[in-house]
Amino acid sequence: MANTASLIICEHCDSVYHKVELAKHQKALCQRCGAVLQRYNGLNIQQRLALSVTAAVFWIFANFYPVMSISLKGLHNSATLWDSVLALSTGPITFIAGVAAISIIIAPLFQLVLLIWVLCFALASKRSPAFKTCMRWLETLRPWSMLEVCLLGAMVAVFKLAGLLDVLPGIGLIALAILSLLIIRIAGRDIRDLWDTLP
Amino acid sequence: MTPDTPEGTPSPGQPAVKARRFSVSLVWIVPIVAVLIGISLVVNNLMGQGPTIEVVFKTGQGLEANKTAVKYRNVVIGQVTTVDLSEDQKSVTATIKLVKQAENFTRTDSKFWVERARIGASGISGIDTLLSGDFIGADAGQAKERSKNFIGLETPPPITYGEPGKRFILHTDDLGSLGVGSPVYYRKIPVGQVVSYGLEADGNRVKLEVFVHAPNDAFVTENTRFWNVSGVDLNVGADGFNLRTESLSAMLVGGIAFRAPDYSPEDQPAEQDKNFELFDNRQTALAPPSGKAQYLQLRFDQSLRGLKVGAPVEFLGIEFGRVVSINLDFDVQQRIFPVIVGIVVYPQRLGQAHTKMLKVLNHDPDDEKSAVRMINTFVDNGLRAQARSGNLLTGQLYISLDFYPKAEKVAFDAEARPVRIPTIPGSLQQLQEQFQALVEKVNALPIDRIANNLDRNLVELHKGLQQVNTKTLPGVQGTLQELSKTLQSANSTLADDSPQREKISQTMDELNRMSRSLRELSDYLSRHPESLLLGRPKGASADSPSP
C-alpha cells in the first residue's frame, strides 16, 4: 500500500490532493467543486486540551444549574437540562426523551471524555490506548451532539415566554451557550490531524 | 574568546539550547478561569446555604418537596426539600433548607405554620395561596437557644413579624366563649386580640395571652382591670336585673375589655408580659382591690330560702364580701336545725374606712388575733348579721352586717375558728313574726259567741220587721188612701170649671163694680161737698166734673 498519509480527498467530489501547510487565515479549496478541503488549525494539542477541560467544566454547569426559571404570580419553577429530559419522559413521547438525553447530555459528554483522553496522550506524543476506536467514535458522535439546537430552543422559549411569564435565564443557559461554542471549535473535523501528528 | 583556534581569529561559539521539558501554554488560563468560576459558584452556594431545619406538621397537605417555599413577610427565606412521614406515622416531617439570612429562624421560639386560604371569625386570609399553592409561614423568635426541630402550628399566629405592642397574661377561672382572635376593647374600640390560651400547670385556672397593639398598649397600666365582655351579660341578683353587651362581634366571638379605675393616681404603663386577673364582668373588675379575705361564719336559726352562694355581703350598705357556703347543721342541745352560712369579706373594699381604722387602731392586717379582737369590739357594740330580702320580686336574700345597739348581748368566742358573728332574724322574718302575733290575737277572739249573739239579734230583728209588715203597714195604707181622697176633693174644689170658682169670680166682679161706683161717689163729693147737705144740683151731670 502506497503512502497515502500526505494525500487528502475532497468530501464532496472525491478529488485527491496533496496536503498543504496553511498559514493563518488561509484555507485550501477543492479545484473541482470549490468545497473547503482544509482550514488553518489555530489550536495546538495543548490548547485543544485546555479548551476541552474548560468545556467539561461548563458541561457540569450546564447540567447542574437551572437553564431557566419561570414564575407566575407566586408559582415558581426552574429546570435543569436533566429536569427537561425527565419532563419529556413522563409525557406521551418517552422515546423523544431518550433522543433528547443523547443529543444534549450524553453525546457532548462522550465527546469531551474521548477528547480529553486522546489529547492527554497526544500531549506526550503518544497514541492513547484504543486510539482508533476513540477517533472513530468522535467522528460518529459529532452529528449526534446537538447542543446548539438545544440552546436555540431554550432561547426561543425564553423570548416567547417572556411576554406571558417572568422568565429568568439561569447560569445553565450561559454555560450551555459557552459549551456549544467550545464543542464546535474543539470537536470539529480538524481533530483528524491527530492521525498525522501521532505516528 | 577562545585562544586555541588554529587560525588565531576568534569565532562565536554555539550556546547550549535547552528545551523546556513541559511548555505550558497560556491557554490553560481558560480552563483555570472556568474552574475558578465553578468553584466560586459552589462556594457561593455553600456560603449562601442557611441552616436546615425540620418542622413537624400534622398533615402534609399543601407541602411539596422542592416546591413549597418558606416565607417571611412574603419574602422567600427557604424551601421544603423533603416531606416525609414520621416514624410513628402520626405526623409529617418537612425538611426545610433556609437561606443564610434566615439564621434567626432557628431560634427555639420561632414559629412555622402552613399558610392556606382560611375563613374565620376574624375574616378571610390567604386568598393568594389559592393560586400560588400553600406555603410555610415563619416568624422569627427571640430566644437565645437554637434548634433544628420545630413543631408546626395548625393555625397562623394572630400576631407576627414583631408587631409593635405588648403582650399581657390574663388569669381566669374559665375561658368562657373567648378564643384566639377574640378582640380586646378599650373604651369599646378594638385595640388588640387574644393570642393564645391554655390551662395553667395545675389545671385549676386558664391562662390567656392578649396582645395590645401600639400605641394603645400605653393605656394598659399597672392598675388596669380586664374583664370578659363575651356574649350577653344578664344578671339576676339581689340588686335586680342587669343586661350589658359590648358589641355585636363580641357577642359572637367573645371579647375582653380593659380599663383602669377612674381614680388611679400615679399609674404607670404596664410592663410586657405582666399578669392580670380577668374578671367576669365590669362591675367586679372595677371594684376596689379586694385585699386580704377574711372568712366568717354566721348561724341562722331560721330558713334562708332565697340565699344563694355568691350573694353579696354588705356592711352598712356597702358591699364588701359574698356568701361562699350555706350548710344545714344540727344543734344537739336545742334539737333544732340551724343554717350555717360561710361568708368571705374583704375589709379593704371598705376603702377609706378600712385604712383609717387600721391607722387609728394601730392594727396590722396580717395579725389574725388583732383582727379577731377588733371584731369582738364590734360585736360588743352591737354588730349583728342579718339575712335581708334584697329583691322582693326575686326573693333573693343578702347578708347585711349592721350595728344594732339594742340587740341582746351575746358572748363572743374569741378562740373559735372560723370567727362567728352573732345573727339576728331577718327583716322579713321579723315582719312575719309580727304578722303571726297579730293573727294569733285575732285567733283568740270569741268569734263563735259573737256570731251566735249576732245571729240571735238578727232573728229578733226579723220578727220585729215581720210585725211591722203585717200589722202596722195596712193601717198606714188606709190612712194614705184617706189622704188621697181628701186631696182629690180639694183638687176638684179648686178646679177651673167648678161652681165654687164661678161664684167667686162673680162675687169678685160685683165687688169690682161696687168699688167703681164708690170711687165716682167720692169724686162727686169732693167736687160738690155741699151736695151732701143740699143734694144734687140741677143740670149737673153726675159725670161732668165742671163746677
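The count begins at 1 with the first shown residue.
Cβ coordinates are placed from backbone N, Cα and C, and glycine is handled just like the others.
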Region 'Disordered' per TrEMBL: which of the ranges B:148-167, B:528-547 is that? B:528-547
Counting only residues 6+ away from its ends, which parts of the chain sit with a Cβ under 8 Å from the transmembrane segment (B:22-43)? none
Please compute the mean pLDDT of the model over the domain 'Mce/MlaD' (B:294-403). 82
